[in-house]
Amino acid sequence: MSSDTLIDASWLDYLLVAIYFGFVLGIGVMARRSVSDSIDFFLSGRSLPAWVTGLAFISANLGAVEIMGMSANGAEIGMPTVHYFWVGAVPAMLFLGVVMMPFYYGSKVRSVPEFMFRRFGTGAHLVNAISFAVAQLLIAGVNLALLAGIVHALLGWPIWIALIVAGAVVLSYITLGGLSAAIYNEVLQFFVIVASLLPLTLIGLHRVGGWDGLTDKITAAADSAPPEAEVATAAQQLESWPGTALSGFDSPLFSVIGIVFGLGFVLSFGYWTTNFVEVQRAMASDSISAARKTPIIGAFPKMFIPFIVIIPGMISAVLVTEMIDLKNGGSPDGGASGEGVAYNDALLLLMRDVLPNGLLGLAIAGLLAAFMAGMAANISAFNTVFSYDLWQRYIRKDHSDDYYLRIGRLATVGATVIAIFTAQIAMGYDNVMNYLQTLFGFFNAPLFATFILGMFWKRMTPTAGWVGLVAGTLSAVAVDRLAAAGVIDLPGQGAAFLAASTAFVVDIVLSILVSLVTKPKDPSELRGLVYSETPREDRTDPDEAAMPWWRRTVPLAGIALAMVIVLNFAF
Amino acid sequence: MSDTTDTTDSKPHKAGVFDVRNIIGALMGVYGVILTLAGIFGDPEFEKTGDVNANLWTGLALLVVSAVFIGWARLRPIVVPTDFDRPDDDPTRPAPQRKRPPTH
């Protein structure tokens, strides 16, 4: 390993990073003074305004996935990456706010597995709590791997030392404050990231000669690429539809179906509506109306994020020497992992090439903050589920509040140590997005199927709840293994979409079959959990009718939906 | 930071430094000042940015953002409610029971 670092930072950059961490720790210390009991620690006492939780909601997700994964995807396949936002995330966030949030907030559960417990009982709850906890540890590993990658790029430390140091920093950050501090930091981090990625995009575009220059360069690069590099054609890279480079299907029709059903409906709805890391943010708001508006307010900035993460990736692929080489089938040395450049490095390399010292420090602070907060969010969600849903329910009941807080802190330490190991798995993937989509297919797609059926069909039985979850996850794993063995040949993220869709269908079909032969719960137990058994006044906020139209849930969601449809047609 | 919120105070008080808008405004302001100074006195590194003083322009933009947030917090301060409804304990779930104060 050479002693040169990938990024050449000056004292000015370090100053900007240090100021950020000073703020973060300051908030942690201030928040610690007001942490009184364990509900405060886990859910911030439900007292934050909707715009704060709305920004925290997307910021919790503006970590590894968005920044590195989406820019890697942008560099590799170009514009079709926008589907993650405009077909995937935004419609799913609107659905969460309009349809599902009343059940979460109204039933006052503290975690998604707890909802499963109330609706389906022990079996489904245990399956869900365990699979959720495992998923959080794996995803925390992704964030940690990327965090360590930046430390390595910046300081030139060996990757394993970087992993341990990064883990220790995240650990101290979580133990300092709980969710309240995490939410404030996420809002802060959102602004720092936008403040660094927006100039990066603008300067990058300026360097390649604007949008026209970018399309010309991508076209020229795609035309001159050697055939063995299997680069997507310029038309595929520059138009979002039909996105064959993303889905891996040759047929445009199947590609559109794969994206809308696999990515849009199953994966994204599954991710956004059942992922406790995100939903936890909305549960921290001060009324049912604010909880419903949280994802909807988040949807507005969310639809513009592709412009500052995907476009820099595309610019990087035509401007940075190593990326051009990589895309032409070469394997240039260097990169954040120290084992050769990968698509994951697209953004870091672009920063190195276009940002002056100063802005570079701002960008590094933003990235460090994002991965740290992303990992902290995974770990705090793991922590909640582990101490309430697993430890308290199945292992040690009826202990004091202090006892569970202590268990929560121990779980935090344990999860951080495990994440250092799961980070190794994540580093084995060239494009981290492929890995994440695979994980989401395993865990979120069957969960979404069980949720949606359980929320709208009161006949669904407790046995069907856990059978559907287990069978769905197993079928997704089976499809993934078949794809890995080469039986199903889908490049891009098509295999992940197919695995998720299979899991969804298997889960729904089996749940219906099992429900028909087993005994359902008594309808009186389903109030607040199933649509037809919940009276209207339990699902709505009485104060909301008095608010002006632009502060009400449904009109806001309508505007967001109209905007995202326009964006889909424009690109 | 001696002006901490005192929850035993009976009259409504403002969130002050705890208001997230002030925190955002302060961080953006500090970054704005540093980048603006770096843009004026530092090496603009034109070969990287393509002849744009990126630090200067970003710094100025951040100062504007900072002013907007601090101005917003000044014009519409958050009043911390002395007493707000917390979710009730649910006896069916295993959770630490909230220790309610004897008088409400």
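A Cβ is built for glycine as well, from the same backbone N, Cα and C atoms used for every other residue.
What TrEMBL says about a protein is an automatic prediction, not a curated fact.
Under the heading transmembrane segment, TrEMBL lists A:51-72 (among others).
Sequence-remote contacts of a segment are chain residues at least 6 beyond its ends whose Cβ falls under 8 Å from one of its Cβ atoms, and for the transmembrane segment (A:126-151) they are 63-65, 68, 112-113, 116, 157, 159, 162-163, 165-167, 170, 276-277, 336-337, 344-345, 348, 364, 367-368, 371-372, 374-375, 378-379, 381-382, 385-386, 389-390, 394, 415-416, 418-427, 432, 435-436, 439, 442-444, 447, 466, 469-470, 473. If you look up TrEMBL, you'll see A:126-151 (among others) marked as transmembrane segment.
Residues annotated as transmembrane segment in TrEMBL: A:157-176 (among others).
Through the fold, the transmembrane segment (A:188-206) approaches residues 20, 23-24, 27, 55-56, 58-59, 62, 67, 213-214, 301, 307-309, 311-312, 315-316, 319, 347, 350-351, 354-355, 359, 362-363, 365-367, 369-370, 373 of its own chain, all at least 6 residues removed from its boundaries and within a Cβ separation under 8 Å. For A:188-206 (among others), the entry in TrEMBL reads transmembrane segment.
Residues or ranges marked as transmembrane segment in TrEMBL: A:253-273 (among others).
Marked as transmembrane segment by TrEMBL: A:303-324 (among others). Counting residues 6+ beyond its ends, the transmembrane segment (A:303-324) has Cβ neighbours under 8 Å at 58, 62, 66-67, 70-76, 78-79, 81-82, 84-86, 90, 194, 197-198, 200-201, 204-205, 207-208, 214, 217-218, 221, 237, 332, 334-335, 341, 345-347, 349-350, 352-354, 560, 563-564, 567 in the same chain.
If you look up TrEMBL, you'll see A:359-386 (among others) marked as transmembrane segment. Outside the transmembrane segment (A:359-386) by six or more residues, the chain places 7, 9-10, 12-17, 19-20, 24, 42, 59-67, 110-111, 113, 129, 132-133, 136-137, 139-140, 143-144, 146-147, 150, 154, 166, 169-170, 173-174, 178-179, 182, 185-186, 188-189, 192-193, 195-197, 199-200, 276-277, 280, 347-348, 351-352, 407-408, 411-412, 415-416, 419 with a CB less than 8 A from a CB of the stretch.
Listed by sequence, the residues of this chain that lie at least six past the ends of the transmembrane segment (A:407-429) yet keep a Cβ under 8 A from its Cβ atoms are 38, 41-42, 136-138, 140-146, 148, 159, 163-164, 167-168, 170-171, 174-175, 337, 375, 378-380, 382-384, 386-387, 391-392, 435. According to TrEMBL, the transmembrane segment annotation covers A:407-429 (among others).
Here TrEMBL flags A:435-457 (among others) as transmembrane segment.
Among the features that TrEMBL reports, transmembrane segment is placed at A:464-488 (among others).
Beyond the ends of the transmembrane segment (A:494-517), by six or more residues, the same chain brings 246-249, 258-259, 261-263, 266-267, 270, 434, 437-438, 440-442, 444-446, 448-450, 453, 457, 459-461, 463-465, 467-469, 471-473, 475-477, 479-480, 483, 488 to within a C-beta distance below 8 angstroms of the stretch. If you look up TrEMBL, you'll see A:494-517 (among others) marked as transmembrane segment.
For A:553-570 (among others), the entry in TrEMBL reads transmembrane segment.
Of the candidate ranges A:51-72, A:253-273, A:464-488, A:553-570, A:464-488 contributes the most Cβ pairs within a distance under 8 Å of the transmembrane segment (A:435-457).
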